[in-house]
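**Student:** I have a structure here, written as structure tokens, and I will follow up with some questions on it.
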Amino acid sequence: MTKHAHAAPAPVGGRLLSPVTFVLGVLILAALAILAVRFVYGLGTVTNLNDGYPWGIWVVADVVIGSAFACGGFSVAMLVYIFNKGEYHPLVRPALLASLFGYTLAGVGVLFDLGRWWNFWHILAPGYASPNSVMFEVAACISLYIVVMWIEFSPTFFEKWGMKDARRKVNKAMFFFIALGTVLPMMHQSSLGSLLVVFGTQIHPLWQSIVLPLIFLISAITMGYAVVLFESCLAAAGYRRTIEMHLLTPLSKIMLGMLGVFLAVRFGDLIVRGALGYAFEGSVQAAMFWLETACFVAPFVLLRAQAARRNPARLFVAGALLMLGGVLLRINAFLVGYDTGEGWSYFPSVPEMLVTFGMFAIEILAYIVITRRFPVLPREDAVHGAH
Amino acid sequence: MASRRDFLKRALAGSAAVAGAATCTDASARGNAQISPDAVGLLFDSTLCIGCKACVAACKDANGLPLDYATPIEAAWDVPVDTTAKTFNVIKAYVDGSGMHKDQVQDGYAFMKSSCLHCVDPSCVSACPVSAMTKDPVTGIVGYDPDACIGCRYCVAACPFGIPKYDYDSPTGKIGKCELCRHRLPEGKYAACAEVCPTGATLFGKVSELKAEAKRRLALTPGAETTWPRGNLTTGDQPSWNGPAPVYVQHIYGEKEVGGTQMLKLAAVPFDKLGHRPLPERSFSSQSETLQHTLYGGLVLPLAVLGAMTWVAKRNVKHDDEGGDHD
Ligand code: SF4
Ligand code: SF4
Ligand code: SF4
């Protein structure tokens with residue numbers, strides 16, 4: 001078996017206060033203020049939600065998209081531990097960190113959106129919980145996964161605080177948590193698609209399908225790799241570190257492979273259901289479908305050549321476009337393709353968007369603070385060819 | 001090349017376990033739910049409705065609901081244009097051209113009642129994660145329990161008829177929808193909207209009897225004199241009246257739609273013009289639940305995958321730990 005000598009993770013160090021963290025802080029404060037108003041006066045005062053569009057961006061962006069962005073940890077862990085690609089090990093911790101915050105915030109974000117949030121515990125309480133409901137499955141799985149991820153990430157804290165014993169104990173059982181950590185996201189990422197099945201004909205045929213769970217799952221895994229490319233490039237630029245091209249180049253190839261599978265399933269399903277014709281109608285839905293598809297196809301064009309895959313800028317753009325494709329797939333399926341009857345419309349209000357920005361700001365800020373203070377990213381001087 | 005062979009072996013072992021699990025959960029597929037023999041409901045006959053909205057007011061009264069304004073200007077009466085969290089029943093109008101003739105597609109008008117249809121296999125019940133939406137096993141009434149509800153509004157989004165609504169103006173908003181006056185049944189009363197309807201356009205009764213009545217009406221010769229029951233069809237508590245039969249659209253809306261509903265509708269104007277889109281006979285909830293049960297029935301499939309993953313991860317993590325011990 002190949003053994004990979006990796007640089008051990010180490011804190012990046014440096015100052016926490018910078019123009020970037022300041023802006024993030026301001027965004028977070030604004031979101032908190034808006035949320036205070038929401039909890040005192042109700043959802044209607046800050047959101048544009050209505051009875052024709054009872055779900056807005058707090059559900060679709062903060063939870064459905066937020067958790068898909070957070071699939072980096074799951075995608076990379078699967079690569080390393082299930083498919084035994086040990087060489088990608090240095091990517092596990094940073095990816096897991098981003099996932100940890102993505103999911104934890106998605107979980108908290110749900111509370112903001114719940115109209116009767118003080119009853120939230122009912123969803124896991126026997127006597128209330130309804131296993132027939134897709135949302136029950138999503139909630140149960142995400143809650144459990146958040147716990148599992150904190151356990152997976154705990155060695156980082158134990159290392160920092162010198163808790164050798166605790167670290168050893170957790171590591172003993174780690175294989176089981178890693179396995180759980182791959183199964184749980186498979187379950188809820190697919191179920192996030194299944195949520196729409198019960199909406200029936202209210203969802204446009206370009207998005208309503210019995211294989212929605214598969215489409216959502218594969219796209220989430222693909223997005224997981226895209227997020228890792230995106231994050232690694234960003235972290236390298238932000239911290240003036242060397243980009244781990246020796247890992248990102250082959251990773252981008254895996255990403256394209258998954259993307260190929262995704263497109264085959266997506267179009268195969270449209271053709272089998274005879275729904276592809278809707279893509280050629282002169283409708284908003286058709287236009288959005290092609291925009292979504294273009295974002296999924298673009299990485300193939302951008303990263304066609306081996307040389308292109310060695311170009312960090314290309315990897316970054318391809319990763320970003322793929323993420324955008326995943327975003328559009330979700331917005332299209334949940335909002336653009338949703339039609340409950342004439343006369344309803346929805347576009348998020350400014351306060352609604354500010355809360356969503358605030359949520360993403362918390363994630364980025366936490367990532368910065370933790371990577372600067374805790375051993376997450378590989379030690380720089382040990383990275384091959386560091387200058 | 002060792003790692004590639006390992007990879008294939010593992011992938012094969014994993015998919016074998018998954019396939020095995022998938023085949024033994026096939027029995028979980030379910031068809032549409034069946035209606036209870038004692039189910040109660042409403043029959044709404046658009047041709048008999050005169051648009052007086054007595055039922056709209058009676059519904060508010062029976063459910064203790066406040067006024068609801070469709071326009072920001074507060075008038076002395078409420079004019080809801082659609083069901084809301086505070087309005088469980090509205091009469092909508094179809095108008096075309098000059099709007100002179102009742103029940104005529106061109107230059108005509110027609111009325112349609114909008115309230116919960118009490119689906120036989122309701123999407124709202126299937127969607128609700130906390131059993132706040134429930135279907136009574138005997139009466140088939142779809143009820144709502146605000147003390148259980150978490151306000152996720154999955155029911156609002158899922159209902160194919162756009163019925164349940166949430167109150168966005170309150171920090172403690174509830175879902176509002178018709179519960180077929182289930183609180184009046186123990187008092188020996190029935191749906192307030194049917195009780196006050198002067199023409200019998202809204203009729204309460206056992207669904208089996210309502211369905212027979214609907215079929216009788218569709219078989220009538222247009223113009224022929226016939227008897228129109230009012231109030232409660234099952235108990236016959238109110239006197240009926242005589243009048244000519246209209247020209248019906250030969251369709252009982254709610255007989256087959258999404259697995260059937262306990263509110264049936266008749267009309268002389270095509271239903272899609274009255275805000276009722278055509279819907280398939282297979283219920284959406286049975287599709288969703290079949291999918292869920294196939295994937296998660298008895299947790300067989302997730303456990304099989306977890307087993308495979310644990311087995312693979314155990315081997316790979318150990319190897320990873322050896323490397324890790326050098327830190
Ligand atoms: S009409 Fe809507 S709210 Fe009423 S039972 Fe059917 S799905 Fe539920
Ligand atoms: S809003 Fe309430 S009743 Fe409706 S699905 Fe959610 S928990 Fe159930
Ligand atoms: S049955 Fe009762 S709650 Fe339902 S519409 Fe009629 S009056 Fe309103």
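Placement of Cβ uses the backbone N, Cα and C atoms for every residue, glycine included.
Straight from TrEMBL, here's the annotation block:
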- A:20-43: transmembrane segment (TRANSMEM)
- A:55-83: transmembrane segment (TRANSMEM)
- A:95-114: transmembrane segment (TRANSMEM)
- A:134-153: transmembrane segment (TRANSMEM)
- A:174-200: transmembrane segment (TRANSMEM)
- A:206-230: transmembrane segment (TRANSMEM)
- A:251-272: transmembrane segment (TRANSMEM)
- A:284-303: transmembrane segment (TRANSMEM)
- A:315-338: transmembrane segment (TRANSMEM)
- A:350-370: transmembrane segment (TRANSMEM)
**Student:** Take a look at A:55-83, A:174-200, A:206-230 and tell me which one has the most Cβ pairs under 8 Å to the transmembrane segment (A:350-370).
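**Tutor:** Maximum Cβ contact count belongs to A:55-83.
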**Student:** Cβ pairs under 8 Å with the transmembrane segment (A:134-153): which stretch of A:55-83, A:95-114, A:174-200, A:206-230 has the most?
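**Tutor:** The stretch I would name here is A:174-200.
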**Student:** Where else in the chain does the transmembrane segment (A:174-200) make close Cβ contacts, counting only residues six or more beyond its ends and a cut-off under 8 Å?
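**Tutor:** Distant Cβ neighbours of the transmembrane segment (A:174-200) are 64, 67-68, 71, 73-74, 77-78, 81-82, 134-135, 137-138, 141-142, 144-145, 148-149, 151-152, 155, 207-208, 210, 212-217, 220-221, 333-334, 338.
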